[in-house]
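Peer 1: This is the structure I want to talk about, given as C-alpha cells.
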C-alpha cells in the first residue's frame, strides 16, 4: 500500500511546513477572491469581466489542490496524483464543454429578452429553426 | 399568493395538515391523504412505544446510532431504505389504483381515486423516494457492509465521516416523510424542472421540501463517494492488488468515482434553483436573461451517471452470486472490470438523451444518441460474462439466482427499449409517454431492486448469523418478477397508444384493459412487499434452525466468508495477506482454510460518537426551518452544525483498543466451533444441516 505523501519525517518540521503552506494558500485565495469581486464591481467590458473571473477561479482551484489538498507531482504518489488530475480535467471538460455546446446551440431558440443580451451568439442565428 | 411569515412559526399554521383538508372537504383524495398521514403518525408513535416498552432506547443509541462501524452503518442504511421502499411501493399502488379509475368523459373530464394535485404529489414523492431514499441507501448500505470485508480491512477509511453521511441521508428522508403530515410536497416530478418549480408557478413549500431533502442527502452521498474511493485506494489488505479485488469492489470503486464527480452537479442545479426561489435570482427565468433548459442540462449531468451509480453495485452483486451459486470462477474477470470502468466514464457523456426534445439541433442530438448506444455495449458484455459463468456450472436455484435469472430476462428487454429511445427520431414519438415510464422501471426494478435484494439475501447471514428463508425468499422474488411484468409491460403498450406519463386523467376507453392489468400488477407488488417483510419475520423466528455460525454458508470464494457469522466488529483477527484473486477460494484449495493466525495483537477500532446524530438532527431542522421560512430556527441549526464541526475538529479522538486476549478468546472459540460442526454438501445447502461450514472438497470456484 502506498503511504500518503504528507511526509512523516519529523513532526515538528512537517507542522511548520504545513502551516506555511496553508497560510500561503489562504493569502493567495483571498487575493484571487478579491480580484474576482473587484472585476465585477469595475467598469470593464463584460467579456473581460468574465475572463478575469474564470482565470481567478481556475487559479484558485489550483491553489486549493496544491496548498490545502497536498497534491504534488514529486512525492512517491505522483503517478496517482497525475492520473487523478488528468481524469478530473477530462471529466470536467466534458461537462463544461458539453454545456457550452448544448446551450449555445439552443441559445437562438430561447426567445429570451434580446435586449438583455448585447451580443447574442452569432452561430445560433445562422441556423434555420427547422434543423 | 402572498403568504404572511410569522416570526416564530414562519409559514406554519394549522391549515397545513391533511386533516384540515379532510375536514374542509371529504373526498377519496383527502381520505387517502389523511390516511397516509395517520399511518406515519401511528408508525412513529408505535416505534417510540416499542422502543420504550422493550427498553431499547439505550441499546439503540449505544450499539447503533452512535456506532462508527461500517457494517452497522450499512445495516442502518438498508433499514432506512426498506422503510422508505414500503412507502414508495404503496404510493405506486395508489397511483395504479387511481389510473385504473381515472377514465373521464368529455362532460366530466376529471375522475379517479385522488385529485390531480394529489396525484402529482404522489408521482413526485414516489420518484424522489425510490431514487434518492431507496436505491441509493440500499446500494450505499450494501457497499458499506461488504466492501471493508472483501478488501480485508477492518473499517472504512473515515468511519465517522461515514456516520455523518448516513445522518445526512436520514435527515433528507425525514424531510420527505414529514411532508406527508406537514404541508404539501412539490408537484414537479422527481426532477423538479423550472420554470414550473420556480417561485412564480410553485410558490408553496413543496419544491422547497424537495430541494432541502436533496441538498442535505446529496452532501451525504458525496462524502460517501470520497470515503469509498479512499477506502479502496488505501485500505486494501497486503497483497490485494487492484486486479485481485472481487468484482463487487470494482463496481464500488466505479460508484465512488461517479458519486464524486456527479453529485456536485445535482448540488449546483439545486443551489441555483434555491437561489432563484429564495433570493430572487434568475438562473432559470427566461425573461430575465436566464435559461431554464440549463437546469435540465445540469440536472442530467448528475442524473445520467446516477442511473449507473444505481445499477453498477447490482452488477457487482450479480458477479458474486453467479460465481458462488454456480460453483465456478467468474468468467471474464478482466472484461468485467474493463466494462465497469467504461460504463462509469461513458455515463458522463450521454446526459442530453434525457432531453432530446428540448430543441437541440441535429448534430447535438445525434452525438448524444450515438454515445447512448455505445454505452449499451459494455453492459451487453457483462450479461454474456454472467451467462458464461453459469454455463455448465452446478447451479443451485437459491433466491439470489431467481433474482439473477429474472434480471437476465427482464433487464435485457429494458436495455433494448433504452436503445430504441436512444434514437432521437424515435424518442420524439414516445418521449413523455408511459413508454418511457415502462423503460426506466424496466431497468431499475430488475437491475437495481433485484440486485440489491439478491445481495441482501446473499450477505444477510454474514450480518445476523442466520440465513433467510429460501422458500419465502423465492416466493418474494417470483412475486416481484410477476408484479413487475403485470405493472409495467402494459405501460409499454399504453405509451405506444399515446398515453402521456403523469396524466391524472384520460378520456380514451381503449386504455382501460391495460390499466386493469397494471393495477393488478400493483396488487402483486404489494404482495411482494408483504412477502418480503414476512421473509424477515419468519427467518427471525426460525433463527436457531437457520443459524450458520461457521460463517460460510454458500461455499464462497471471497475474503468475507472466512470470518464467523455474525461477523465480529473487527472483521478479521489478523489482517489477511492476500496471495490470489478470490483468496478465500485459493485457501480452500490449499486445504485447512480455518487455521487460526499465529499471533494476536491489539486492535484499534473507532470510538462511538454522537457527532453524526447531532449533525443529522441539526440538518433536518435546518431543512425544515428553511422550507417553512422559520428564520430563527434556521440560524440556530446552522450554528449548531458549524459548532459541532469546530468541536469535533478540536477534539483529540482516541480509538477504542480491543485487547489481544479478547480477540484471541473470540477467535479460538470460533475455530473450535468450526471443528465441531459437520461440513455440509451443496445438495443440503438449504436444509438445517447447513451450519456455515461447507464441504471444501466440493469447492471448484
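For all residues, glycine too, the Cβ spot is worked out from N, Cα and C.
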Peer 1: With TrEMBL as the source, which of B:274-297, B:514-537 is set down as transmembrane segment?
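Peer 2: Feature transmembrane segment in TrEMBL: residues B:514-537.
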Peer 1: Checking feature assignment: transmembrane segment per TrEMBL, candidates B:210-233, B:546-569. Which range matches?
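Peer 2: Matching range for transmembrane segment: B:210-233.
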Peer 1: Looking at the candidate ranges B:104-126, B:472-494, report the one that TrEMBL labels transmembrane segment.
Peer 2: B:472-494
Peer 1: Are there residues at least six beyond either end of the transmembrane segment (B:401-423) with Cβ under 8 Å to its Cβ atoms? List them, or say none.
Peer 2: 314, 318, 321-322, 325, 353, 369, 372-373, 376, 379-380, 383, 386-387, 395, 430-431, 435-436, 438-443, 445-447, 450-451, 453-454, 457, 473-474, 477-478, 480-481, 484-485, 492
Peer 1: Ranking B:129-147, B:210-233, B:298-318, B:443-460 by Cβ pairs under 8 Å to the transmembrane segment (B:168-190), which is first?
Peer 2: B:210-233
Peer 1: Counting only residues 6 or more past its boundaries, what in the same chain has a CB within less than 8 Å of a CB in the transmembrane segment (B:362-381)?
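Peer 2: Cβ under 8 Å, 6 or more out: 332, 335-336, 338-340, 342-343, 346-347, 349-353, 356, 415, 418-419, 422-424.
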Peer 1: Against which stretches of its own chain does the transmembrane segment (B:330-356) lie, if we need a Cβ under 8 Å and a gap of at least six residues from its ends?
Peer 2: 243, 247, 250-251, 254-255, 257-258, 261-262, 293, 296-297, 300-301, 303-305, 307-308, 312, 315-316, 319, 322-323, 364-365, 368-369, 371-372, 374-375, 378-379, 381-382, 384-386, 388-389, 391, 421-422, 424, 427-428, 431, 581
Peer 1: If I take every residue in the domain 'Cytochrome oxidase subunit I profile' (B:64-579) and average their pLDDT values, what number comes out?
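Peer 2: Its mean pLDDT is 94.
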Peer 1: Using a Cβ distance cut-off of under 8 Å, indicate which of B:129-147, B:298-318, B:472-494 has the most pairs with the transmembrane segment (B:443-460).
Peer 2: B:298-318
Peer 1: Determine which residues of the chain contact the transmembrane segment (B:245-266) at the Cβ level, with the cut-off under 8 Å and only residues 6 or more beyond its ends counted.
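Peer 2: Answer is 139, 143, 146-147, 150-151, 214, 218, 221-222, 224-229, 232, 236, 298-299, 301-303, 305-306, 308-309, 312-313, 315-317, 319-320, 330, 333, 336-337, 340-341, 343-344, 347-348, 558-559, 582.
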